[in-house]
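Below is one structure; the comments refer to it alone.
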Amino acid sequence: MSDTVPGVAQPHALPSYLDVHHLGPWGIFLQQVDRVTPYLGNLARWVETLKRPKRILVVDVPIQMDDGTVAHFEGYRVQHNTSRGPGKGGVRYHQDVTLSEVMALAAWMSIKNAAVNVPFGGAKGGIRVDPKRLSLPELERLTRRYTSEIGLIIGPTKDIPAPDVNTNERVMAWMMDTYSMNVGETVTGVVTGKPISLGGSLGRHEATGRGVFTVGAEAARRIGLDVAGARVAVQGFGNVGGIAARLFAEAGARVVAVQDHAGCLYREAGLDIPALLRHVKATGSVAGFAEAEPLARDAFWDTPCDILIPAALEQQITEANAGRIQARLIIEGANGPTTPAADDILTERGVLVVPDVIANAGGVTVSYFEWVQDFSSFFWSEQEINERLVAVMKGALDAVWQVADDKGVTLRTATFIVACERILRARDLRGLYP
Ligand SMILES: NC(=O)C1=CN([C@@H]2O[C@H](COP(=O)(O)OP(=O)(O)OC[C@H]3O[C@@H](n4cnc5c(N)ncnc54)[C@H](O)[C@@H]3O)[C@@H](O)[C@H]2O)C=CC1
Ligand SMILES: O=C(O)CCC(=O)C(=O)O
């Protein structure tokens with residue numbers, strides 16, 4: 001640290017799980033912050049703020065299983081930064097969820113929310129659980145107990161959860177109901193991504209995929225790649241990947257390869273995406289879809305394609321496969337799919353990466369619209385929402401593209417520059433003492 005503000009930037013040793021050498025998503029976020037710091041000018045004196053989450057809550061979530069036994073699950077809610085507004089970010093249910101992962105996901109929310117200039121800080125939550133092994137009543141009990149445990153720190157003006165991997169509108173309805181019962185009144189604005197009949201927003205279900213498509217098509221146009229006829233490969237075929245694939249197919253692209261947790265498919269002529277979506281709805285996975293050839297999982301990364309959309313989990317594009325990717329354009333639907341070392345390889349090879357913190361911001365943008373609609377109890381048409389979403393996404397991409405050109409940096413560094421400046425300027429203006 002070169003510059004110091006009394007009481008702020010003292011070089012205390014970081015706890016081990018906050019250390020840049022700690023491998024995992026949080027370590028990756030710290031490396032990304034280090035890459036942007038030289039571009040932050042005077043605001044760099046506040047950068048330590050980004051390296052320490054504001055608030056971390058780890059909760060024990062005990063529930064009664066259907067067989068009468070009691071099981072304990074570990075849950076998290078991390079508020080990374082609240083300088084620009086209440087915490088905002090999804091809740092993930094997955095067997096591999098860790099604190100490092102939730103910290104990074106919360107931090108990427110801070111960057112993303114600032115990049116598209118919605119008035120939120122960054123937060124994220126999760127439970128280490130394989131939800132596929134729970135019955136529906138067990139899942140409901142888990143969600144309700146978790147919501148009560150994190151109820152201490154969430155709220156419509158404090159921190160507003162939303163869906164992420166393995167959570168959906170139904171889970172959000174349970175969260176909204178539990179929080180409301182605990183505070184004694186109906187509070188629709190405590191979560192977004194709710195069912196429409198409970199204060200949800202039209203267009204939220206599709207928003208992240210629509211945002212991926214919007215910035216993807218715009219980036220393709222800017223590099224002279226025609227979406228009509230382009231070959232697209234998609235990893236992850238859930239809310240984000242499935243909808244992005246559908247929109248690209250509707251725009252005339254050929255979705256040639258798809259991978260999810262259980263299967264991997266290839267079809268040179270392009271997969272029938274509506275039929276594949278029906279298959280996934282019926283069976284839970286792309287595996288076993290008859291109108292395609294099965295593909296070995298690792299071969300997915302060698303697929304001849306023009307556009308690659310990672311839309312599953314973190315750290316999928318690494319030093320091991322970045323050199324094999326054939327796409328000219330990568331649009332990050334997932335959070336954190338590319339490691340910094342892989343980023344460097346892709347840049348070197350001239351592959352354009354539209355980073356997660358802009359590419360998948362469509363979801364939280366429409367979550368912001370949902371939150372505003374809940375507060376005003378006045379609801380907008382789907383057309384209005386989609387038009388505003390497209391305007392926000394194109395405007396944000398345009399701004400970071402300009403910074404990337406001006407400074408000769410990648411789109412990821414450019415997005416971090418724009419976002420960190422907004423966050424740290426807010427931090428600076430707010431000052432230190434209560
Ligand atoms: N749902 C949302 O609004 C947003 C989600 N995201 C991010 O997008 C990504 C996907 O989220 P959703 O689509 O919401 O989740 P989802 O639960 O709807 O779908 C996840 C998909 O990833 C696949 N998958 C899981 N593990 C995999 C593996 N090891 N290899 C290949 N595929 C695997 C699953 O089979 C499924 O198709 C995550 O990184 C999430 O954080 C980002 C912004 C908003
Ligand atoms: O809609 C939201 O509030 C957040 C969605 C999310 O978790 C994300 O963008 O990664």
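Even glycines carry a Cβ here, placed using N, Cα and C.
Taken from TrEMBL, the feature substrate binding site applies to Lys88, Lys112, Ser367. Sequence-distant contacts (6 or more apart, same chain, Cβ under 8 Å) of Ser367 (substrate binding site) comprise Lys88, Ile160, Ala162, Thr192, Gly193, Ser201, Arg204, Ala207. Ser367 (substrate binding site) falls within a helix when secondary structure is assigned with DSSP.
Neighbour list (Lys124 (active site, proton donor), Cβ cut-off 8 Å, at least 6 residues apart, same chain): Arg77, Val78, His80, Gly89, Gly90, Val91, Arg92, Val102, Leu105, Ala106, Met109, Asp164. According to DSSP, Lys124 (active site, proton donor) is assigned to a strand segment. The annotation active site, proton donor is assigned in TrEMBL to Lys124.
TrEMBL lists Asp164 with the feature site 'Important for catalysis'. Note on Asp164 (site 'Important for catalysis'): other Cβ atoms within 10 Å of its Cβ, all shown chains, come to 24.
Under the DSSP three-state reduction, Thr208 (NAD(+) binding site) is assigned to helix. Counting only residues at least six positions away in the same chain, the Cβ atoms of Asn239, Val240, Ile243, Ala244, Gly333, Asn360, Gly362, Gly363 sit under 8 Å from the Cβ of Thr208 (NAD(+) binding site). Feature annotation from TrEMBL assigns NAD(+) binding site to Thr208, Asn239.
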Tertiary neighbours of Lys112 (substrate binding site) (same chain, Cβ under 8 Å, six or more apart): Gly122, Asp356, Val357, Ile358, Asn360, Ala361, Val364, Ala419
Mapped DSSP class for Asp164 (site 'Important for catalysis'), helix or strand or coil: coil
Shell list (substrate; ref centroid = CB of Lys88, Lys112, Ser367; cutoff 8 A): Gly89, Met109, Asn113, Val118, Phe120, Gly122, Ala162, Ala361, Gly363, Val364, Thr365, Tyr368
Listed binding-site residues (Lys88, Asn239), ranked by Cβ neighbours within 10 Å, top entry: Lys88
Span of Lys88, Lys112, Ser367 around substrate - largest C-alpha separation, Å: 13
